[in-house]
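**Student:** According to TrEMBL:
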BINDING   Gly56, Ala57, Ser58, Asp62, Ile88, Gly166, Asp171  ATP binding site
DOMAIN    53-232  domain 'tRNA(Ile)-lysidine/2-thiocytidine synthase N-terminal'
DOMAIN    282-311  domain 'Cytoplasmic tRNA 2-thiolation protein 1 C-terminal'
Amino acid sequence: MPIICHVCNDKKALLKRPKTGHALCKECFYWAFESEIHHTIVTGKLFKEGEIVAIGASGGKDSTVLAHTLKVLNERYNYGLDLRLLSIDEGITGYRDDSLETVKRNQQEYDLPLTVLSYETLYGWTMDAIVKKIGKKNNCTFCGVFRRQALDRGAMMLGVNKIATGHNADDIAETILMNILRGDIARLKRCTAIITGDDPSGIPRVKPFKYTYEKEIVAYAYFKKLDYFSTECIYSPDAYRGHARAYLKDLESIRPSTIIDIIHSGEMLSVCQGVKLPSQLKCVRCGYISSNELCKACILLEGLNKGKPKLGIGKTSKVTQQLKLSKSEEASCSGGCNKIKNDL
Ligand code: SF4
Ligand code: ZN
C-alpha cells in the first residue's frame, strides 16, 4: 500500500521530511520548503523592495538552491529584488574551475547577471600557490579570510544593498558548537544572527536558509533536478569543523531536532553586561573592519609576501605589534574603502 501525502491526502508520498517526519508528495514538499524560506525572509525582514541583492554563488548545492529559490520567491511574492550572482574564484585547479562552470550554466538557466572575482586579481595569490607555500594544514584559514573580504569587495563593486549566502541550519549549528568549544563569545553572538554586517559602513549579509536543513536542500535539488557541483574541495575541509559536524550527526541520529535545538539555544545565549567584547576598528592598511590595527587578511598577505606564511596563524593582536606599522601606511589608509566581516 503506497503511503499517501500527509498534506494533500491525495498523491503518493515520495519522501519523509527530515524536519517534521511527515511523508509528503513532491509538490507538497516543494511548497513547504519554499514557504518556510519565504516565512524566514519576511519575519527576519531580510530584504526591502527595490534592493539589489548579490547571491554568493559557488556552484554547490546550497548556493544553487538559494539562487533558484530566491528567483522563484521574488517572482511569486513580488519582493521587487534585483538579483545578481557573485562568485569567488579561489584558484583551486580541479575544483573551483569546475564548479564555476556550473555557476555559468546556472547563470544562463536563471538569467541572472554573474560577476566572478579571483583571489589572484585581488591578492596576487591563488589557493594553489598558497598551498604550495604553506602545505595543507592551515590553508582553510587563508581561504576563509580571503573569501569574506573578496565577497565584500565584489559586493561593493556591484553596488549591491545585501549579500545573501547559502549558510544552512546545519552550518550554523556547527558554528555555534565550534564557537562554544573555543569560548569565542564575540563570534558566538554574531553567528546566530540572521543579518550580520549591518553597521553603517558595511553591506549586510543575510541567511535565508538559517532554519533550512541541509538534508532538505539536497532533497529539493535532487527532485528539482538542479544543476550543482558536489565534489569536495581537493584541499580538504577544515578538520575542526569536520569533527563538529560528525558530532552533530551522531546527536541528530538519536534526536532529530538537534540542529534546530542548538540554533535556538544559540539565539537564547546573551552576553552579560560588563563582558568586554573586541572593539571594531578599521584596518590601517586596507580599511576593512577589524578588531586589531591590521585585519587578518592583511596579516596573512604580509606573511605570504615576506616568505613567512605562518605569521597570521594564531593571535592577530600579537602579530600586529610584531609588524610595527610604518608611518606611511598609517597615513595612506584614512578612508574606509572596504571592510571585512567574519559572519560565521
Ligand atoms: Fe577553501 Fe578550505 Fe573550503 Fe577548500 S575547503 S574552498 S581551501 S576553505
Ligand atoms: Zn586590512
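Just so you know, glycine gets a Cβ as well, placed from its N, Cα and C.
Just so you know, TrEMBL annotations are computer predictions that nobody has curated.
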**Student:** In sequence order, which same-chain residues at least six apart have a C-beta under 8 angstroms from Ser58 (ATP binding site)?
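**Tutor:** Those within reach of Ser58 (ATP binding site), by Cβ under 8 Å and sequence separation of 6 or more, are Ser87, Ile88, Ser99, Val103, Gly166, Phe229.
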**Student:** Across all the protein chains here, work out how many other Cβ atoms are within 10 Å of the Cβ of Gly166 (ATP binding site).
**Tutor:** 23
**Student:** Taking the Cβ of Asp62 (ATP binding site) as the centre, how many other Cβ atoms fall within a 10 Å radius?
**Tutor:** 23
**Student:** Check each residue in the chain of Ala57 (ATP binding site) that is at least six apart in sequence and keep those whose C-beta is under 8 Å from its C-beta; list them in sequence order.
**Tutor:** Ser63, Thr64, Ala67, Leu85, Leu86, Ser87, Val103, Asn106, Leu114
**Student:** Would you mind splitting the domain 'Cytoplasmic tRNA 2-thiolation protein 1 C-terminal' (282-311) into helix, strand and coil residue counts from DSSP?
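**Tutor:** Secondary-structure breakdown of the domain 'Cytoplasmic tRNA 2-thiolation protein 1 C-terminal' (282-311): 10 helix, 3 strand, 17 coil.
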**Student:** Averaged across the domain 'Cytoplasmic tRNA 2-thiolation protein 1 C-terminal' (282-311), what pLDDT does the model get? Just tell me the whole number, please.
**Tutor:** 87
**Student:** Which number gives the other C-beta atoms within 10 angstroms of the C-beta of Asp171 (ATP binding site), all protein chains shown included?
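**Tutor:** That number is 21.
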